[in-house]
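For reference, the structure discussed in these notes is given below.
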């Protein structure tokens, strides 16, 4: 994207615009595909963020249900999702990113307060590491990669944050905001992944918060902190969809903007309701997480950047022994295999769960 800005001599471009520019810089036979490729990238961004927000609703609903079942008795998880949608409605109608900053600061505080507290349960009663199966069959690796990729696929949110930074030049670079954030996320996931499996073994849930006791005050505080932290980050991730729709594709003529705010609010409400519907009919947290991770990672983190690099380097060459072309083709191959297999496995599980849900109605 930075290279696209340099070639067009503009300060900033969105990801769909960058894809279009990259195609226009490539071979003549792909140049006409630029506009279509940009639209497809927008669709992938929207679908990825939609799935991400659906996963968040499922995660929060399951943790709130754990608390609610203990205090008020068992209630269908769908009612918790409906309640969350009502709570999110005023927050999701906030139209400017700067007003979401306090929400995300509070979200981070709650999340890491919960992470610190949950260590009490992770380190209590640790069995011998020899009791755990350290290597799983390769067929299960795909599911792992899909779920692990979920934490590294927030490309849409990354782009929105960079676009609204006062000093976007600090975003990239070896010690830039992006690298430091991803490194922090990576080590956090390594820690909780290792400790969660070491502590709970084969009984570990899709979220380790569902493994800690339901009846203790401390565990309920942990569930509430982490779930609320995730809930408060929903408006930021949904903001990406609105940005794609109304910044990249809305008509800016004055006569077209008379009902712009009303239309945007309606789109926000529809998006929130649709994520709620998906969370109700597909409550399998692991499968939904795997689907979002496989879909977004394969498209936004592998296929899209590799294709862009191939087309941008078309005129100036691919380096000695065409190493850049080989690297990009390898990324495309990995993206296609990972995306197809990961999405297929997740969709199969979600279809099965959907049929079970219909049978219970």
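Don't overthink the numbers, they just go from 1 along the chain as shown.
Glycine residues also receive a Cβ, built from the backbone N, Cα and C atoms like all the rest.
Per TrEMBL, the features are as follows:
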- 31-347: domain 'Amino acid transporter transmembrane' (DOMAIN)
- 37-59: transmembrane segment (TRANSMEM)
- 79-97: transmembrane segment (TRANSMEM)
- 109-129: transmembrane segment (TRANSMEM)
- 141-161: transmembrane segment (TRANSMEM)
- 173-200: transmembrane segment (TRANSMEM)
- 220-246: transmembrane segment (TRANSMEM)
- 266-288: transmembrane segment (TRANSMEM)
- 300-317: transmembrane segment (TRANSMEM)
- 329-351: transmembrane segment (TRANSMEM)
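The transmembrane segment (109-129) makes no contact with the transmembrane segment (300-317): fewer than 3 of their CB pairs lie within 8 A, with pairs spaced 6 or more apart in sequence. Residues 15-17, 19-20, 23, 81, 84-85, 150, 153-157, 207, 227, 230-231, 233-234, 237-238, 240-241, 244-245, 248-249, 271, 274-276, 278-279, 282-285, 288-289, 291-292, 295-296, 299-300, 304 of the same chain sit 6 or more residues outside the transmembrane segment (37-59) yet have a Cβ under 8 Å from a Cβ within it. Counting residues 6+ beyond its ends, the transmembrane segment (79-97) has Cβ neighbours under 8 Å at 57-58, 60-61, 64-65, 68, 103, 160, 164, 231-232, 234-236, 238-239, 242, 261, 264-265, 268-269, 271-273, 275-276, 279-280 in the same chain.
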